[in-house]
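A short write-up of the structure that comes next.
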Amino acid sequence: MSAGAVPIAPSAKRRRALPGTLVGAVIVLGASLALAFFPSLFAPYDPTAFDYNAIMQGPSWVHPFGTDNFGRNMLSRVIHAYRIDMQIAVFATTGPFVFGSIVGALVGYVGGWVEAVFGRVVDAVITFPFLVLVIAIVSVLGPGLRNMYIAVGVVDWVFYARLVSAEVRIQRRLDYADAARGMGYGHTRIIFRHLLPNAITPAVVYLMTDMALAILLGSSLGYLGLGAQPPAAEWGVLIADGKNFMTTAWWVSVFPGIAIVITGLGFSLAGDALADLLRVNR
Amino acid sequence: MPLLGFIFRRVLQTIPTIAFILVVTFILVRLLPGDPASAMLGDRAIDADVQRINAKLGLDQPIPVQFLYFTKAVFTGDLGNSIGLKLPVIELIAHRLPVTLMLTGMAALIALLVAVPLSFVAALNRGGAPDAIIRGTFQIGLSMPVFYVGLVLLTVFAAKLRWFPVGGYGQNFLDDLYHLFLPATTLALSLSAVLMRNLRAAIIGVVGADYVDFARAKGLRARVIMTRHVLRNALISTVTLFGLSIGTLLGGAVITETVFAIPGAGRLMIEAIYGRDYPVIQGLTIALALLVSFTFLLTDIVQAWLDPRVAR
Amino acid sequence: MTAPSPDRKTAGGGLKVRGLTTTFATPRGPAAVVDGINLDVAPGEIVGLVGESGSGKSITLRSIVRLVREPGKVSGQVEWQGRDLMAMSEADLRKVRGAEIAMIFQEPMTALNPVLPVRLQIEENLSAHSTLDRRARRQRALELMNIVGIPAAERRLDEYPHQFSGGMRQRVMIAIALASSPKLLLADEPTTALDVTIQDQILKLILDLRDRFGMSVVFVTHDLGVVAATCDRMAVMYAGRIVETGTVTRVFAEPHHPYTRGLLGSVPRIGAERSMLLSIEGTPPGLTDLPDGCAFHPRCSFATDRCRAERPPLESFAAGREVACFHHRTVAAMAEAA
């Protein structure tokens, strides 16, 4: 049984499209990071400023994304939400990536029964619907972003460990690994200086996909009221704020959703571009 | 029959998985602040009740013994009582889970009906305009959160156009299908995107296989070649992926049921979380995990049936 | 372009290929993988198509029944029993494929569908080309398994390809090809993937089937020993073109093309141990940058300025013998002397 995120066979088309994916990824993610780090430079208004003279106004030159039921400028709110959502993308995935890669390298290097046991653990972990388990853990620990990171981390590292251990298992049979052993290097050095750098590619590519998934998860929990807490501007929270006005003021919910889609596409493009780049270099 | 042997071995493999599910859900409740009994009884617990529960769950015993009590309770169908609804959790699940099963089943069906033909169109026009359009559309679909898709569909097709009910569940089977169509479509979108991406790659791989050329050299009709030789082989990896996606689908059902106000297990889960109804949360987590592991078992068997090389 | 082998009657009954050309669009321009091939196969005749890998012999075979994949483009004329296969509709062609003209591939492991039982893979040919009912198809499948010599045929029909040995798999493929009693068998290196002893059995089987059913065979191979053991006539291919034709006896006795001569190299005479093609110095040219003149000249010790400037046409020089070389007399004389 193979698990979780299933690597898709790369198509020849994708390699030809390399410059396109790379340029797209750099533009989208570069813009997202700029908005996340310096939202005030780009946001035309204070995202929390009420304006009771401009309540629920549709998109216009003054308010390109309209205003919400407190007269807050939606463009500014969407821009300020980049900070939290990009933070979710990075914070929710970095820990699992680092921890999972280390565990995966060790498991793949030691092999034998350790690997067999790990395989059973993976099988078992993936039987929990990811979102259900995260929701259950958050419900025990209490709502909020910090607890969401913990809940994600408990499960997510397994996917990285699985990818890296499979790759290390291949790498350790190759000549250079034997050469390193022949030179009398210690296990630690062989694993982390020689095997892991060569085995990390699939995990790095998955990291991009995972960041997109983290934004989806983070906004879903925000929407359900279990993630970022209002009045913080987070896309899922913004969409939840506007959901009751969908028929009368669609813009309140629709624009944050578009931001999610564009950012998600940016990470997907980055994943494709990285897969191509790293494959060429091998 | 090698298939029977395979099924037997595969069923044995689920035993450690089930054990793991029990351990995790057992630990989950121990993570609660305070003692589990008061958590399980809610805020208004009185001491007598706490002691009664403690004795019943064996909470005065060492942890391993507690785990045995817990396991025994689960196997006898005793998942405790809901704090908010004052009903046995097993009854609540039995009442609500079929709705979720119907929703996810319908979503899976829609996803397959969409993904199979479109992946053929994309794969056979590889690099062309139809391929680019189909892949682009699904890439966007994959980047959309389920609740957002649901909200948009709900607004456009139910609230504005009034083609579908705004939410809830039906009175009879056909009415159920009518009520569940929009939510199931919502849920199907990302699954069909995942399946299509995999199936497209698989079809491209299979179409280039020697046995497809050989089938053409036999003078078979294109339709026979596509279904019997191409689709059947391409589906093998997709079946596994389909099984692996069930967890994601159930997670999506939790959100979809919330958006569309469907009285299923997912909605029950969210209600339980808002109400800090821990026995329900625990019971549902067990039930959904068992459901997923059963689906894995089923898809592995289907895969072994599709591919005789698996069950050797 | 050239006269077909006049010593064979090909009109009506057999296969007549004229100017068969298959091009692939590549980033560096179109590449003619098959370039103006002429080939005749009389009823009951076995013709060997010989050449190094990449010489276009397999594509030639596939081009005959238009089984070349996109972006390959096939043109020319393929006359089969008086009808032009190139001009036929896809539906009509389907009735020829598998029924009148059958094909077997090099690697039976990949040419058989791994997930379908052997029975179905035989019977689907019958479903496509006959009106036999279920029971008759089962009967015929069993009969075919017996014809190709698979023991315990009844039981093995329900097994899957991975349960067969390499030789047995090739027999299964031949059984499938024979299902509708074809008049022409196109065999694409059918023995290359097999052990030597199994190779012999399969070759004997093909010869035997030719005798019993009067089939014609086009036999693509790079193994001259196989040609010597099975074929009546042969055509040698280099860089997408035929460079020499003739009866196997004559070509082996007196090769007129330097390439043929190189191929024969250490292969002594008919009937002796088979040996793989001797590699000739240098490598075959890439099809997008064929040299001017004769494609073989960079590897040829006979090459002159004329060979570098002008392409030698395939011309008949004796009854049933053709060669595409300006210096073929010299080559033949050298071979004689050697």
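Glycine is treated like the rest: Cβ placed from N, Cα and C.
Residues or ranges marked as transmembrane segment in TrEMBL: B:12-32 (among others). Outside the transmembrane segment (B:12-32), and at least 6 residues removed from its termini, the chain residues within Cβ reach (under 8 Å) are 39-40, 66-67, 70-71, 74, 278, 282, 285-286, 289-290, 293-294, 296-297.
What TrEMBL lists as domain 'ABC transmembrane type-1' is B:97-303.
Only residues 6 or more beyond the boundaries of the transmembrane segment (B:101-124), in the same chain, are considered here, and those with a CB under 8 A from a CB of the stretch are 130-131, 134-135, 176-177, 180-181, 183-189, 191-192, 195-196, 199-200, 203-204, 207, 226, 231, 242, 246, 249-250, 252-253, 256-257, 262, 264. What TrEMBL lists as transmembrane segment is B:101-124 (among others).
Annotation source TrEMBL lists transmembrane segment at B:136-157 (among others). Beyond its flanks by at least six residues, the transmembrane segment (B:136-157) meets 163-164, 166-167, 182-183, 185-187, 189-190, 192-194, 196-197, 252, 255-256, 258-260 of its own chain at Cβ-Cβ distances under 8 Å.
The transmembrane segment annotation in TrEMBL covers B:177-196 (among others). Remote same-chain partners of the transmembrane segment (B:177-196), defined as residues 6 or more beyond its termini with a Cβ less than 8 Å from a stretch Cβ, comprise 102-104, 106-112, 114-115, 118-119, 122, 134, 138-139, 141-142, 144, 146, 149-150, 153-154, 157-158, 164-165, 167-170, 238, 241-242, 245, 248-249, 252-253, 256-257, 259-260, 262.
Summarising the annotation, TrEMBL assigns transmembrane segment to B:234-260 (among others).
Residues or ranges marked as transmembrane segment by TrEMBL: B:280-306 (among others).
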